[in-house]
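Enquirer: Below is the structure I would like to discuss, written out as structure tokens.
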């Protein structure tokens, strides 16, 4: 009885507790079933909900970071701007310092050049930059009937004056190559005709302000012209033989002249007056040149000397070096000069030494049969003022450009420029952008022989400069 009751009690729970326990189990089962159903049927919804919940949870974090960042920028803004401002100031100061240094270098360079120029020792290095011009680039101006003997270029490089054995003077436009004016030959003894030369014009010079042109001829006359209008102004007489050299003192209207009468004369063109005469050469003087100082240099022809004339002291310095007749001379600066002779040599001189600083023999080579060779005469020389660039002319079918070594103690050949005929005159433009050559079939001082294939002409040779390599670190 008791066992049966116990078995009943174990197998059949009490109605209150058993019901509640069963109900709880059923609810839990239903809940778990519902949860499984939800997870199976609504996984997409769960993913979307999860994403939204993440964004909602991250949004406040980003806002906090931004706030922190904003708070840091506000704190560091003044320091950052101060650093930026100081950096800009530093850069500006560096740029100003570089500009000052550059200007100081430029000013120092210009002052150094001015001092060297005043002392007559300035030697700018330009020769290595010159490129050999092509034959097609050379402009040829034809207008004279006979050999060109001399040239002059206006200070602004706008015009060229040429004179010839046909007794005419022509003014050419540098830009167009056209004739601007022709001063015709004057007939001897004819009255009422325009003034001009009646014999070979051997030399010309133009004043440094471009106001006056002077020309000298075989008839012992010096004619003074207005360089702009080519109007005749004065005639200077006094030489007793052909006038072979003329030069104005730079910055003045003082004119120096020399002649086959062996003298050097001084004139004041502005006042139309004669000043004085100097003697010393032992033979006909062939050429003359002058710069700013009150002195001039002469090539003494057959007496074999180069002379420097100190006008105020009425004294002279005598230089020896060539073996033949010295036919051409030009000053490079106030202390150095270049000369050429018919022995084929070119010499560089310094006023402090009576012998050449450099002597280039056979400067244009040799001519003639084997065993009977003779050097080509050097008939003209030119120098670009205050530089190391020199040009020489002969009848060797070329003009030669040379570089003067440091201290003018060496001559190095740069290039040959082909030109057929006697190169009777050479002139550099003031800027060094071109070289003008006066070419003739005959030598300017005589008729020893004739080159028939030559053309009497003025040749404008462009001198282009090679671009300089960029400086290191630029």
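Note that Cβ sites are derived from N, Cα and C of the backbone, with glycine treated the same way.
Where the annotation comes from TrEMBL, it is an automatic prediction and has not been curated.
Feature list, courtesy of TrEMBL:
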COMPBIAS  13-23  compositional bias 'Low complexity'
REGION    1-74  region 'Disordered'
REPEAT    141-182  repeat 'WD'
REPEAT    194-235  repeat 'WD'
REPEAT    236-277  repeat 'WD'
REPEAT    278-319  repeat 'WD'
REPEAT    319-359  repeat 'WD'
Enquirer: Summarise the repeat 'WD' (319-359) by DSSP state, stating how many residues are helix, strand and coil.
Expert: 0 helix, 21 strand, 20 coil
Enquirer: Using a Cβ-Cβ cut-off of under 8 Å, list the residues of the same chain that are 6+ residues beyond the ends of the repeat 'WD' (278-319) and lie near it.
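Expert: Hits for the repeat 'WD' (278-319): 120, 203, 241, 244-251, 254, 256-266, 325-331, 333-334, 337, 339, 347, 349, 351, 354-356, 385, 445.
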Enquirer: Grab the same-chain neighbours of the repeat 'WD' (194-235) for me: Cβ-Cβ under 8 Å, and only residues 6 or more beyond its ends, written as numbers and ranges.
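Expert: Apart from its flanks, the repeat 'WD' (194-235) reaches 149-156, 161, 163-165, 167-169, 171, 181, 183-188, 241-248, 250-253, 255, 257, 259, 267, 269, 272, 287-288, 444-445.
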Enquirer: Looking only at the repeat 'WD' (236-277), what are its DSSP counts of helix, strand and coil residues?
Expert: 0 helix, 24 strand, 18 coil
Enquirer: For the repeat 'WD' (194-235), what does DSSP give as the number of helix, strand and coil residues?
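Expert: Its residues divide into 0 helix, 21 strand, 21 coil.
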Enquirer: Can you give me the average pLDDT across the repeat 'WD' (236-277), rounded to a whole number?
Expert: 97
Enquirer: Helix, strand, coil: count each for the residues of the repeat 'WD' (141-182), based on DSSP.
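Expert: Per-class counts: 0 helix, 22 strand, 20 coil.
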